[in-house]
Structures are given as structure tokens and as C-alpha cells.
Amino acid sequence: MDKTLKVLLILGTLLRIGFLIYGLWQDKHMLVKFTDIDYSVFTDASRFVHQKQSPYERATYRYTPLLAWILVPNITIIPEFGKILFIICDLIVGFFIYEFLKMFRVKSKVMLVTLTSLWLLNPFVITISTRGSAESILDMLVMATLYCFATKRLTLGSILYGFSVHFKIYPILYSLPILYILDSNYHGVKTKLINSSRIKFFVLSAATFFLLTGIMYKIYGMEFLNETYFYHLIRKDHRHNFSIYFYQMYLSMSVTESLFSKILGLLTFIPQMLLIFLIGLYYYKDLIFCCFLQTYVFIAYQKVCTSQYFMWYLCFLPIIIPQSKLMKKPIQAALLIIAWVVTQAIYLSSAFKLEHQGQNNYVNIWYTELLFFAANIWIIFSFMKNNNNTSMFAHGKINKNKYDFKTIEDKE
């Protein structure tokens, strides 16, 4: 491990320890808790597992039982075990980001430090993991999967991918671009449409997913499938969140659902899945950018969307920034950041008035969600317009000319 990465990891670790200690203080002394409610759900589910019961005895536990198993030390050792684990996964994601940047020949130390810091020293990212959100585990699995494919570790990458999809279903979005990228450019020789690498990826990833899922089904039955996977297809959350569908769901909670209402809920998947499919077809050669774009669209069009979900695409951001023409458009880049931050702040202001001041401002919250959605569409369009869509592989190797750094020189 080189010195630059070591320093960044140490700084990132110290910051996370600081946030963790502050969170313990806030939980003890303030009305508004620092720890995410989901962490209490994880811990309660782990307690049930420790008592040889189902984690689904805990209402609102909608995750694989593996997570509850992993977090049993919350009960047997210290309550903060899970947060420490999430922090470690968080730091490992930073390691992969740094390695990807070096792999794509980002030689400038200034660039390496700046881009890796977008994750390792990002207060938003740090807050999410130290509050007890498990998203960093999945981010780590996804990044490890892509790193394995980038370094031609096809067997391990396929197994990790199957594990990722079992852990949380959304990485299945990446199956199309991963399958497609295993082409002639990846191998360095002309290959058939159905080649050994594609068969290997499909068989190993599917086998891993179905093996883990089968074991969980054997132990916990249909309840596991319903809570972990099927629930998310019909999920409706009337509590305020970033989704543009929130107000519709809020109104529908007060009346008996008609068949039309249920169909309408399923129809919301159509624009989301269609866009994700088309992105996979068009951008598959640029695998990491494709995954970023698919994830961003998936979240922007979600029926339920909370701030933890942003972690799913933020882990890709430091890697795709150097290849974007936005690097040469600092004003537009700054405006995109401002739009993303300010529209969230406007939403959170309205949400605070509802939650803590009791104001009936559901319509205003919906307006702020529409504003945030518009900002996200602008961001997505801007990245698409300013991406060079260069292939990740050329002649069987990582495309060393993927990034153009002629205008980004280290001043040292």
C-alpha cells in the first residue's frame, strides 16, 4: 500500500471514529438521535437470531438473514459492532476507488488525493455509515466485484456478484453490462456471442445467488422471500421521502386500494426499468460509468427513496469524474453540485416542519421532491452528454487511454 493511500485511510478512520463518538454523545443527550432507526431494526433482528428465532420477528426487517447473523456481536460483544463493521467496509470502498484510479492511469497525486477524498473524507458518506446504515457493505461488495472483473478474476468476481444480488437485489441491474463487456475487447481475441466467460459468469453468479437464497429459504421459508425480495416490488411508504411518488402513496393510504391503484403502482417500474435497460445496452463498454448511470436512474425513479440510497451511486463518482468533460466545465460542475445539495436542503426543511413542528405541509414536501427529481434528471443528462463512452478494455487489457489528462497536470 503506497503512502498516499495510507494517509488518506488513516485520516478517514480518525474522522469516522470522531463521528462515531459524537453519535454516542448525541444519542445520550439530545432528543433527535444520531443513530439511524434501521440500526435498531438490525440489532433487534440479530437478537432474535441469537435466540434461535427468525429475524423477521422484528417488524420492518426487510433484509437477508445474513445481515442479522453478521451483526449478532451487537448482542454478544458491543452494541456498536455493526457501526464499526460498516466503517471498515466504508474504508475498503475508498481503497478500491484509489486502486481503480491508479488502474486508469490517474498519475497526478493531487487528482488521486482529491478524488479519493470525495469518498474517504466526505462527511455525508461518513455520517451514513456511522449512523448505522449497512449500505457500505453492499458498496464494498459491488466495488470488489467490479475490481475482480477489471483485473480478470472472473471466478471470484462472478461469485461476489451473486453474493451482492442476494444481499440486496438491486445489483442485478448490472448483469446486462457485465455480460456484454465480456467480449472481444475484454479477451483480446475475437469471441462468439455466447463465449466461455459469459457462460462462466452466468453459471457462477446464478449458482451463488440461488445457493444462498435456497439456504435462507430452507431455514426461514416463504417469509424470507416475501420480506427480502417480493416486498420491494409492492412496497408503499406513506412517510415522507425523496421519491416523486410519495404524495400519491400518502393519499392512497387513506382509502381502500382499487385494482387500478395496484396496477398504477406496478406501472411506475416501466420507465425506470426501460431506462436502465437502454443505458445497459448503450454504455456497457464503459462498465463503471454504466453502473453509475443505471444506479442513479434506479434511485431517481424509485417509489421509495432515502438518503442512504445515494451511497449506491456516490461510490462510483470519484472513478467516473476524470473521464467526464465536466472536468473542463467547472462552472457547470459547480452548478450541478449546488443543485443536488440545495434541493435536498429545501426538502429537508419542509420535512423538518412536518416532523418536528407538526405543520401539515405534505403538498409542499411533494413540490420539493419534484424539484429534487428535476435536479437529478439534469445531473443524469449532464453526465451522459459529457461522457466520452470510451471502452474500459482494449485488446484484452485495461484501456490506458481512457482518461485524457493533458489539461490536468500535477504542479509539483
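Cβ from N, Cα, C; glycine included.
Predicted automatically and left uncurated, TrEMBL annotations should be read as such.
Feature annotations, courtesy of TrEMBL:
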type     : residues : note
TRANSMEM : 7-25     : transmembrane segment
TRANSMEM : 81-98    : transmembrane segment
TRANSMEM : 110-130  : transmembrane segment
TRANSMEM : 159-181  : transmembrane segment
TRANSMEM : 201-220  : transmembrane segment
TRANSMEM : 263-284  : transmembrane segment
TRANSMEM : 296-321  : transmembrane segment
TRANSMEM : 333-352  : transmembrane segment
TRANSMEM : 364-384  : transmembrane segment
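Between the transmembrane segment (7-25) and the transmembrane segment (110-130) there are 3 or more Cβ pairs closer than 8 Å, counting only residues 6 or more apart in sequence, so the two stretches are in contact.
Ranked by the number of CB pairs under 8 Å to the transmembrane segment (159-181), the listed stretches 81-98, 201-220, 296-321, 364-384 are led by 201-220. Between the transmembrane segment (296-321) and the stretches 81-98, 110-130, 201-220, 364-384, the greatest number of Cβ pairs separated by less than 8 Å involves 110-130.
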